[in-house]
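Taken from TrEMBL, the feature compositional bias 'Basic and acidic residues' applies to 11-21. Residues or ranges marked as region 'Disordered' in TrEMBL: 1-23. Per TrEMBL, the feature transmembrane segment maps to 45-64, 76-94, 100-118, 139-157, 163-184, 191-211, 223-245.
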Amino acid sequence: MAGGGAAPAAKSDDPAPHPTKDQLPNVSYCITSPPPWPEAILLGFQHYIVMLGTTVIIPTALVPQMGGGNEEKAKVIQTLLFVSGLNTLLQTSFGTRLPAVIGGSYTFVAPTISIILSGRWEDPDPVSRFKKIMRATQGALIVASTLQIVLGFSGLWRNVVRFLTPLSAVPLVSLVGFGLYEFGFPGVAKCVEVGLPQLVLLVIFSQYLAHLVRPGKHIFDRFAVLFTVAIVWIYAYILTLGGAYNGKSLKTQISCRTDRAGLIGAAPW
């Protein structure tokens, strides 16, 4: 028969693709089935609370070494939060469009520390030293980011991504997370009466109380961080008002009291 024929019809016994929820029964929401707006707002706020701690660690560890005080630390935290929100909106609108927060990268912490300890920016005025180191850090970040942009737009990175499977990406992310314990976990030991209840309540809400609710109602496991942070912060506020730390050392008061951070008062509103 000349001219070729039509494409063969699909076999009637070809299996149809299973819905995502049938393949992953523990997944409550998919890309095509987002959560309701009230729950989405609560989940988004919880995600903000989670990334707030990791975001604050960066200026808390770097700004004092740069010569800055509470005012400079508050400015850096505000800048990080604003840029993180802006980057998140851009990547959810034009980038990968995944529900992920683009926060500060800990990859640049080590180079920043090397700039701080280089000795090239010594100044008797701490604020002036902070500004000099900040300018040098900004210049280094611009150069490093330019190199990343060139690698991304040139298409060279695609040849590398082919070899990066989840099996190689997960250990990398895990090792980066373990590196944060050096900065974050010692803070629990500075105020055990607040940090230890936080850890215990988080485990109880996410692992035990979740099984007491009827199936399909993921309240305690899904919002465990919100419940835990709210309860422990109220508990710490009550200890502060009750004068539990009045006779303690200044270091203990800074770590345990809810009114000793100094960031709210130092922030240039």
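A Cβ is built for glycine as well, from the same backbone N, Cα and C atoms used for every other residue.
Long-range contacts of the transmembrane segment (76-94) within the same chain, counting only residues at least 6 positions beyond its ends with a Cβ under 8 Å from a Cβ of the stretch, are 51-52, 55-56, 58-59, 62-63, 68, 100-104, 263, 267. Contact counts against the transmembrane segment (100-118), taken as Cβ pairs under 8 Å, peak for 45-64 among the stretches 45-64, 163-184, 191-211, 223-245. Residues 53-54, 57, 60-61, 106 of the same chain lie 6+ residues outside the transmembrane segment (163-184) yet bring a C-beta within less than 8 angstroms of a C-beta in it.
With a cut-off of 8 Å between Cβ atoms, the residues of this chain six or more beyond the transmembrane segment (45-64) that come close are 72-73, 76-77, 80-81, 84, 101, 103-104, 106, 109, 112-113, 116, 130, 180, 183-184, 223, 225-226, 229.
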